[in-house]
Each structure stands twice: as C-alpha cells, then as structure tokens.
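Scroll down for the structure; my scribbles are underneath it.
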Amino acid sequence: MDSEERSKKRLRLWSRAVVHFSLCFAIGVFAALLPLAATGATSIDSIRASFRPTVAATPPVPELDLLLIVTVTRPDDDDDDGMSQEASLTRLGHTLRLVEPPLLWIVVGAENTTATARAVNALRGTRVMFRHLTYAAENFTGPAGDEVDYQMNVALSHIQLHRLPGVVHFAAASSVYDLRFFQQLRQTRGIAAWPIATVSSADQTVKLEGPTCNSSQITGWYSKDSSSNITETTWDSSSNTTQTTWDSSSNKTQTTTLAALDTNASKQNSSSGPPEINMHAVGFKSSMLWDSERFTRRDNSSTGINQDLIQAVRQMMINDEDKKRGIPSDCSDSQIMLWHLDMPRHTPKIEQATPEKESLTKGDEEESHDMTLDNVVPKTEEHETLEKENLMKGDEKGSHDMMLDNVVAKIEEQETPEKENLTKGEEKESHDMMLDNVVAKIEEQETPEKENLTKGDEKESHDMMLDNVVAKIDEQETTEKESLTKGDEKESHDMMLDNVVAKIEEQETPEKESLTKGDEKETHDMMLDNVVAKIEEQETPEEGKTKEG
C-alpha cells in the first residue's frame, strides 16, 4: 500500500510541474510575438536583425562629371609619319590614366594612313577611353595658322552633335599637369580659367598668362614675359577698360585707356574678332554648346562642321561675367598647375628683317647712311690709287717696249741693205757699222734713264759701264776678225746679233712687270750687267775656236 501511494504522489508532482512550465512558456511566447505583430515585421527578420551589429549609415557617393579632354595635333606632325605625334600622345595618355574616371579623350588629326595608325596604337596603349576624329586636309582652305582653330571646331561640333555632357578642356600634347588640376576642373559650372606657363626651349624664356580675378570672378586677361619682366593686360571687363603695361625692373606702370567692352558694339564689329586668348587655359561646361543662343548652328554643307564655335567660346569668355570663375579661386599665379612646353621644329634659318631695322628712325637712317659713305670713300680712293699705279707701270712698260722695237727695227733696216751689198772685201766695214749702230741705239735707249740719274756718281758709274761695254765689244770684234774666215764672218755676226737681241728681250719680260719709279735705275744697271755677262759667255767658245785655228 505504501509503495502505491508514493508512486501516485510522485506522478502528481510531475504533472503539476509540467502544467506550470507549459503555462509559463505559452505566456512568454505570446508576450514576445505581440509587438512584432503590431509593426508588421516577420519574426524571422526581427530575429536576424537582433543579431546584426549596429553600423552607421554612409552618405551616398556623389556622381562625378565627365571630363572631355580635347587634343589637337600640329599640322606639321605628319612630316615624320606621326612618330613625334605618337611620342607626345603616349606621354599625355599616361598622365590622363592617373585621373579618376569618368574621362573621355578626344584626339583630332588630319587624314593620314601612317600617322593615324600610329596615333590609334598609342591611344589604345594608354588604356584611356578615347575617340579619334579625322578630317580631310583638302577641305581646309584657310591659312596654315588657323588650322588649329579648325581642329578645335571639329571636336566641338562632335560634342555638340552627340550631346556629350561634361567639362571641356583643350589639352596640348606637350602639356604637363598637376593632378589636383583635374579635381578642380570638375567643379566648373560655367566657364573656368587658370594661369598657364609656356616654357620656350628655343628662346630660353617663360611666358605666363592667365585671368585676373576679383573675388574669384574673372575680370580680365594678362600676359607676362620673364625675359623683359613686363606684364601686359590683354583685356579688362570693367567699365573703363585699360591696357596696362608694368615693368617690374623699374616699378613703372604705363596705362592706355581703351573703349569699354560693349555687347552691342562687339556684335556690330564682329569682323574684328575677340581678343586673343590661350584656349589651353580655358574650360567650360559642354551643355553651353546647345543651350546658349550664341552657338546657333551654322554648318558647312560639305563637312557638317560649325566654323564659329571656337570664336563663340572666346566671345563668351569675355562677355559672360556671371558664369566665369578662376582656378584657383584667387587666380594667383603662385600656384601654377599647368605648364606648356613649346618645342618648335628646327627649320633652315631664313634671314628676315629684324624689328630694329623696321623701326629705325630718321636719325638712325642718316647715321647709317653717313657710316656707309665713310666706308665707301676710302675704298674708292684705294681703288683709284691702285689703278693709277697700274697705269703708270703699263705706260712705262709700253714706252720701254716701243724703244726696244725701234732699236730692233733700225738694226734690221740697216742689216737688210748692207747684207745685200756686202762683198768679201766690205764685210769688215759693214760689221763695224753694225756694231756702231748697236752702241748708238743702246745709248739712245739709255737717254731717258740718264735723266733720272743724279748729277754726281750716277753719271760716272753709267759712263764707266758704257765704256766697259764698248771695250768688250771691241775685244770681241778683234778676236772674231782674226779667227773668222771670209765665209763664216757673216753667219757668226748674225748669230751674235740674234743672241744679243733675244737675251735683251728675255731680260726685259720679267723686269717690265716689276718696274716702279724708284727701281728703274737698278733694273737698267742689272740689264747692262747681264748683257756684258752674256757677251763674255759668247767670247769664251769663240776664243777656243781661235786657238784651235
């Protein structure tokens, strides 16, 4: 009995415990599901959410504007089949590769099979999204300097046609960038401008140009040359427009008042065009190409290219004051983020009129004219002096030749009748007469030269020389008379005369050319000495013959 009662008591206890547990569990489940049913969330989602860590909500990432980078190629880049163009595009492409997307690179160039293939390969190698636009070179009929503007119009017409939204910037292939520049360029909402430094390798100078600002609003444009330290204001949008030139070396400012820029006046005088502005230092919103009234489309019927887009951008840069801002905000040139490398092609140097020559005043022209006359007069006098000396030498030579010709002619005239009348008995007399004639002619030839001799020693020395000549001739005649036979006298005498005349002529030829007024006496004495020497040389073989006879 006791065992049965105990088992019943245990069963009751367990039953009560199970009932109590079930009631508590049911109440707990009901209490937990009641608020979830009120919010409409499922129990599974609420349970999963209860186990997730709490994370602060991140703000949405703003969408960046598209950068439209336009690069025009130089017309002379095709001369080397596009090799220099390929190098420049590769360098710029790797710079743009570091810019945060989205970015579209538009490259414009003339149609050329080789150059186009090189350019496309270079663009593909940079892994930058690009579009390569070409145009027929024969369609461009303007001056060579306007072809760059024509290429810019090609790119702007493409952007306008396809309505590409973004910020347009003209990037030269030889430009160097600071990557912070592209971050500020994306913030453009109208027109932006910034300072740019142009480094010239040929002139070894740096030209700085950019906008002038007033509270981040662009009010004008200036240019500054490092070589002259002169700052020139190209245009100013204030009411009293002035063109200012400032020389930093002398701290002097020269100001010239100009006419104020007026929109109506600019429309009437549209042919003059807006002031020249470096388009590489300007950026603008592309939506202005189809939203603004200035960009009314006037296409070329053959090419579909709007020829007025680039000029409209320049005009808009001047007139739209509310939409312009500077980069950086204060337009300070102390922070330059864009450099342009000016690398001109090496061409043969052609002499051109320098600005100094073109700007010579009347006083400078008179001075240069006087200097030219001073240089011409001495040269003319020197030329006249040389001509006079040559004429005197020529006259002396001519007179001397005439004297020799007369001597020879007289000798021949005497020999001709004498030879015909000579007999064996008269040969001696004719020989003596011929010798006397030779001596007489020599004396006649010496007569004008004796006039130049001094009264003292010159006359005595000349007489002694003549006496020696006569003595030598007499000695020669004596020897010849004894040794010559009747048949040989005539032949030897003729040969001797021919030799004397030939030797005199040979000596006179080089001496005539070098005769001057002061040298006449010396050359005459040398000639006489040579005659005596030749006569002595002739006597030597004749004396040998005489001894043998």
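Heads up, the Cβ atoms here are built off N, Cα and C, so glycines get one too.
Feature annotation from Swiss-Prot assigns compositional bias 'Basic and acidic residues' to 350-363, 441-465, 472-496, 503-524. Annotation source Swiss-Prot lists N-linked glycosylation site at ASN112, ASN139, ASN214, ASN229, ASN240, ASN251, ASN264, ASN269, ASN300, ASN421, ASN452, citing sequence analysis. What Swiss-Prot lists as region 'Disordered' is 232-252, 350-371, 413-432, 441-524. According to Swiss-Prot, the topological domain 'Cytoplasmic' annotation covers 1-16, on the basis of sequence analysis. Taken from Swiss-Prot, the feature topological domain 'Lumenal' applies to 38-549. Per Swiss-Prot, transmembrane segment is recorded for 17-37, and the stated evidence type is sequence analysis.
Tertiary proximity for the topological domain 'Cytoplasmic' (1-16), restricted to same-chain residues at least six positions away from its ends with a CB under 8 Å from its CB atoms, involves no residues. Between the glycosylation sites ASN112, ASN139, ASN214, ASN229, ASN112 has the most other Cβ atoms inside 10 Å of its own Cβ, all protein chains included. Across the structure, ASN229 (N-linked glycosylation site) and ASN214 (N-linked glycosylation site) place their CA atoms 23 angstrom apart.
Secondary structure from DSSP puts ASN214 (N-linked glycosylation site) in a beta strand. With helix defined as DSSP H, G or I and strand as E or B, the topological domain 'Cytoplasmic' (1-16) counts 15 helix, 0 strand, 1 coil. ASN214 (N-linked glycosylation site) sits 43 Å from ASN139 (N-linked glycosylation site), taking the Cα positions as reference. Across the structure, ASN112 (N-linked glycosylation site) and ASN139 (N-linked glycosylation site) are spaced 14 Å apart at their Cα atoms.
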